[in-house]
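Participant: Questions regarding the structure given below will be posed in turn.
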């Protein structure tokens, strides 16, 4: 590059004056200027072949994939290469002095190994079970997240995969899901099972049914009511029958004898006659 700056200095008037002062002008012929320009532009326009890499002003042969440069080439020798060590790789012809470390599929990032690293290819990672990839490069995942969990009242409308998240949808009226169902289930109809409904169903839970309970208060009240009806009905029947019954025919209107025959009524005349008879027919 110093040739280029020297040429620019010569082109300036001040440079030409200083060169003339030192008596160097006769030596800077046109041929020298051309040589300087050729050197400058040759250095600037150095282009290596696709199978070569540039190091300084040299184009050296590249090492094959799976290896790295041990020593660069020079005018006396070609490039020397070494194979990559375990845990490192190069996936293309290169002029690198170091191989690339293999990617670690770290569980903390939600990853596991999909394909092991080789000397010519990097490790391929994939999401852990139950996770999906949120950032990937090529065929390898770099970070994964856990699948979304549907809330109670929702069902899984689309299962999550290694590349997509779970999709959830809301349950319609009269159905429920705890968030793990793939479809909402209808609420249990307790009356159709001859059961009593304990709790009403919601979008997140089914209706709760139980055996019909025995209502003691209602039973006692019913029994008392029946007893009152029986007693009242019996009383009314007794009153009705008593009202319809005739008077007692055996009620005495005349005195009766001991044998049940009616006794004759005594009169004063009869008494007198009886007394006369007893006195010999002589009235007293």
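Placed from the backbone N, Cα and C atoms, the Cβ positions cover glycine too.
Automated prediction, rather than curation, is the source of TrEMBL annotations.
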Participant: If you check TrEMBL, which stretch out of 190-215, 216-241 is marked transmembrane segment?
Facilitator: 216-241
Participant: Which one of these stretches, 125-164, 245-284, shows up in TrEMBL as region 'Disordered'?
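Facilitator: My reading of TrEMBL: the region 'Disordered' range is 245-284.
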Participant: Can you tell me which parts of the same chain pack against the repeat 'TNFR-Cys' (83-125), counting only residues 6+ beyond its ends and a CB-CB cutoff under 8 A?
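Facilitator: Contacts of the repeat 'TNFR-Cys' (83-125) (Cβ under 8 Å, skipping residues fewer than 6 from its ends): 51, 53, 55, 60, 62-69, 72, 131, 139-146.
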Participant: With DSSP as the reference, give the number of residues of the domain 'TNFR-Cys' (83-125) in helix, strand and coil.
Facilitator: 3 helix, 13 strand, 27 coil
Participant: When the pLDDT values for the domain 'TNFR-Cys' (83-125) are averaged, what is the result?
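Facilitator: Averaged over the domain 'TNFR-Cys' (83-125), the predicted model reaches a pLDDT of 97.
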